[in-house]
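Per TrEMBL, these features apply:
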type	residues	note
REPEAT	20-114	repeat 'Solcar'
REPEAT	124-216	repeat 'Solcar'
REPEAT	225-316	repeat 'Solcar'
Amino acid sequence: MSPAEEEKSIPLPERWPRASKFALSACAAAVAELVTFPLDLTKTRLQVQGEAAVRCSGAAGGPAVPYRGMLRTAAGIVQEEGLPKLWQGATPAIYRHIVYSGVRMVVYEHLRDSVLGRSEDESFPLWKAVVGGMTAGAIGQFFASPTDLVKVQMQMEGKRKLEGKPLRFRGVHHAFMKILSEGGIRGLWAGWVPNVQRAALVNMGDLTTYDSVKHFLLLNTPLVDNSVTHSVASCCSGLVAAVLGTPADVIKTRIMNQPRDKQGRGLLYRSSTDCLIQTVQGEGFLSLYKGFVPTWMRMAPWSLVFWLTYEQIRRICGVSSF
């Protein structure tokens, strides 16, 4: 057998391990995103309700929209905008997760297996998992930040229509081009700092918790590497990720959704720190947890769907368990 034929006989995951893991994680993330996206839309709408900076600037315009909780917000979207609007912004969200989840999973496994290194008993110390999770999340989100910006702004289009404001975008491509024309390349990364901060915290909760809980269960309990273990670990990771990531998520959403001048500078907040101070001073500390319930309710099933799908896809494709 010639070297070329021998290479072709090697399974694809072994020939291109990182590219294969990127593709597998992107597929699992796309499935999880479609299933749980209505909760993400509800969470985004909740996070900008009662925004103090908007009231002070007088930028609200149109009739005031009454405050609603999670269920009334979701029901209001369906009644006032239609059921399909629960998936408004889903396309850039899937684009985002193809980049974000693909990069973060590949980076985390590379850090765990090649850079930071496991212990002799194949365990991965918690501090290393924290460093790996935060680093992987930050890198993945930086690359995916433009798609996240488009997703957040498109999710708010229905609310703008109800307030009597003109719609900003005709679709995903138009949103990208308009943001690019108004703010340049830098405009596509508006809000990337709180975005990266949030992703680092979320992945400290998601990747770190899942990896640590899964291997703790395998090493210290009778459980084996199956769907039961994956489900327990994913439920823990979803809760921790929601607790750690919600405050940064609120700040990120507000900075990305604020109006901007011709130079792409925000008209409400100068920075993520300024947004944090205005939010706490104007609405109280608990405002940083606006949308926590739908965030948690989304992250728990998202983690469950993602990790179960990811582990099963890896097994079917002959890739070792995460």
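Backbone N, Cα and C define each Cβ position, glycine as well.
Note on the repeat 'Solcar' (124-216): its mean pLDDT in the predicted model is 84. Residues of the repeat 'Solcar' (20-114) grouped by DSSP class, helix first, strand second and coil last, total 76 helix, 0 strand, 19 coil. Across the repeat 'Solcar' (225-316), DSSP helix (H, G, I), strand (E, B) and coil residues number 73 helix, 2 strand, 17 coil. Per-class residue totals from DSSP over the repeat 'Solcar' (124-216), listed helix then strand then coil: 77 helix, 0 strand, 16 coil.
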